[in-house]
């Protein structure tokens, strides 16, 4: 069955969370209704519990923020306790659970301590084990308390890692000691779980990309690790989150596959601004990006947050939205060492000087909360260093972004972009430009048609020569040849190599074999 956090996976999560911290008189508390314009301080009842609105805009959004059921509800509401009967309008507020209200919206973790007055039996719930692997929804007990895993983890004690933005959620006290066998438990290091995770895989413990390289910084043409050794990251890009995001092609199982089987270093998270993307639901899409960041981080990979502006091509048209989005994401995740930010996907039909002005406006927003983060700037001509718009890399050399620790992006589709584009890229690299290839394909610029692996290999050889990091487009089952998975793979949540398209098998090999 496909794992969707806010449906199948969410049911388990919130059902088990139904053991509330304290009783609350809901007789005068109105029932929650989707679509109502709730204000901060408003009280509602839902799923047998009382809640108080904490962030007005998100309380009114519904869906992911519906109290007690949405996967990001803890970002909008404080839980006041279990209803001891009834539902109606204005009950008094007792102490709230400590759910975080960061403006970014993020993970599904609950922050309350969840200890009930009498407790619930923990018979059949296994004790947490340091060597076991746990995935979303797994339930354990530790020192008389129950906990639910929010995402993949190993060796992270529930007692020390539960709460908002943590890998575990507290789910109440145990009334009994409990036994050590349960179908909801994790996987021992010698076995395999239902999601196919094994502790011997590349992303666990000290063998993950983050563990190997630590915090990255720009050096020369590319990236260096914490020891100042050049690093080339190889990985994948999502398709648009509005079509193929969390719960569709991006699931716990698909990320396990990317980390454990493909041995990828990085996932680019592509948030479209238009085309049904961010501007239609800023809070919802911010929460989705934030949750994916947590999921990818838990698997030991780097995350490239991609502000996927495309049409209009001038990034300044989305300047206010960009400021808000990057404020929210950087504020929530600025303390992480594995986040790279791309402030403009493919600027087009706009001068480099206009892009440079935009970058000088947006990068300080990120640096306010993530002062050492690597930031990428999209180049003109659909990230072609200007070639596709009649410009060149010289435009960038004439007016560079005068902020440290930044890189410029280059995109190619090998069946469309031949030697002229490679020559311009090589020239820019020879002159010392720091470059990250955040999107490429072996097809035409439409992401479709036949694969030109000869031209593609010529590009990859050049990137290897200069240790240039890259992410391939795209990790979905879209019908086009550039999507790595066959149509239907995502709905089946089955990620074996037999489901790969020709280009998918090819790029998997390039990621695995260095």
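Note: Cβ is positioned from N, Cα and C throughout, glycine not excepted.
It is 91-118, from the ranges 91-118, 119-146, 147-174, 231-258, that Swiss-Prot records as region 'Disordered'. Within the listed segments 29-58, 59-88, 179-208, Swiss-Prot records region 'Disordered' for the stretch 179-208.
When secondary structure is read from DSSP and collapsed to three states, residue 346 (active site, proton donor) falls in the coil class. The active-site residues 346, 439 differ in how many other CB atoms lie within 10 Å of their CB, and the one with the most is 439.
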